[in-house]
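Trainee: OK, TrEMBL features for this one:
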- B:25-44: DNA-binding region (DNA_BIND)
- B:2-62: domain 'HTH tetR-type' (DOMAIN)
Protein chains: 2
Amino acid sequence: MSPKKEQLIKVATNLFSRHGFHPVGIDRILVEAGVARMTLYNHFPSKDDLISAVLERRYQDIMASLRASVEPTASAKEQLHAIFAWHEAWFGAPEFAGCLFERALAEFGTEYPKISTIAIQYKQTMTEWMRDILKTFLPEGAAARIASILVMLLDGATIDARAFHDPTVATRAWNAAEVLIEQANTRQA
Amino acid sequence: MSPKKEQLIKVATNLFSRHGFHPVGIDRILVEAGVARMTLYNHFPSKDDLISAVLERRYQDIMASLRASVEPTASAKEQLHAIFAWHEAWFGAPEFAGCLFERALAEFGTEYPKISTIAIQYKQTMTEWMRDILKTFLPEGAAARIASILVMLLDGATIDARAFHDPTVATRAWNAAEVLIEQANTRQA
DNA sequence: AATTAGATAGAACGATCAATCTATGTTGTC
DNA sequence: GACAACATAGATTGATCGTTCTATCTAATT
């Protein structure tokens with residue numbers, strides 16, 4: 001892919017993450033990326049398409065990073081713990097400014113499918129991934145139920161980490177997750 | 001308070017909830033409220049002040065509604081259950097479009113204190129309220145820890161309810177909350 | 001050397017936005 | 001009936017926005 005296009009996605013991701021989609025104008029992206037106006041419109045038909053590309057890229061990057069942090073040989077519980085630990089590291093990173101997908105959902109709602117689809121897909125992928133891990137030692141129904149809860153915990157933790165500037169919410173979230181998993185495990189055994 | 005001012009807050013709350021703060025312009029509020037431009041600027045120095053007033057009002061309304069739905073004579077667990085039940089009813093309401101405070105945080109971040117302060121205050125009030133309820137039958141540390149978890153669950157449920165158009169997440173969230181409360185209770189007894 | 005594709009800077013357009021100004025109209029009170 | 005307080009409609013300003021247009025420049029390919 002063109003290095004200019006690459007640069008645009010990278011800079012736009014940064015600015016959108018820090019300030020939101022609406023408040024960041026095209027000009028600001030152009031200046032910070034060192035790219036001409038028409039170069040942007042040659043690669044992306046409109047700002048919305050740039051936003052879509054940013055979210056798409058972000059989705060690929062996050063899933064790759066998450067999957068890389070989870071040892072495939074580890075136990076199911078260790079795999080789930082790794083997912084929560086990944087979030088804690090993320091919350092503590094200096095550039096952390098909340099989840100870009102939440103922001104997209106909050107700013108555009110579900111009215112712009114081109115944008116909200118990716119945000120919802122991310123949530124679904126996470127839910128299914130954790131459900132599959134849980135299914136290795138829990139019945140299908142319990143696995144699906146708890147996976148839904150784990151997603152809620154992670155979503156809530158992401159919000160609270162930003163609102164309170166407190167990365168340790170991830171630890172508390174994992175402690176709760178552990179209790180719920182244990183309880184479901186002993187109850188079915 | 002002036003009926004016009006009242007009307008402006010009501011209409012602005014509606015529009016902001018449905019479409020967000022940035023996309024809704026002054027003109028749209030004026031037309032829908034049937035109010036003249038200068039009337040708005042006589043009551044609110046700027047759009048930001050209108051947003052602040054909307055959030056302030058929303059905070060008062062939500063807390064009043066929540067407190068009214070919780071029987072003071074009920075048991076601690078029943079009180080917490082009432083809070084989750086309130087959320088489920090909210091998620092199922094036809095006008096539900098996510099939490100206005102989350103939206104404010106997502107659109108403005110923590111850079112605009114006049115706006116983000118109220119959103120954070122709401123979260124803190126909820127945390128302290130549930131912590132106090134939990135303290136009636138749990139040690140202080142456990143109560144604070146679980147209160148933080150319950151807030152995460154509610155925040156996550158609010159997000160997922162909107163993203164998936166699924167009000168039943170509240171029930172799952174409460175089931176998880178119940179397990180966590182029971183476990184903390186038996187562990188300390 | 002000629003051609004072509006892509007990038008550049010910068011002006012310009014039309015639309016929208018928050019906010020201000022002006023001048024008229026309505027309402028209730030003394 | 002006069003006064004004061006508030007509300008009205010609408011033009012207007014200045015800024016910002018996404019997008020388009022034009023014309024020049026660079027670099028690789030033939």
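In case you wondered, yes, glycine gets a Cβ from its N, Cα and C as well.
Remember, TrEMBL labels are computer predictions, not curated facts.
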Trainee: So what pLDDT does the domain 'HTH tetR-type' (B:2-62) average out to?
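Mentor: The predicted confidence over the domain 'HTH tetR-type' (B:2-62), as a mean pLDDT, is 95.
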Trainee: Could you give me three numbers for the DNA-binding region (B:25-44), the DSSP helix, strand and coil residue counts?
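Mentor: For that range the per-state counts are 15 helix, 0 strand, 5 coil.
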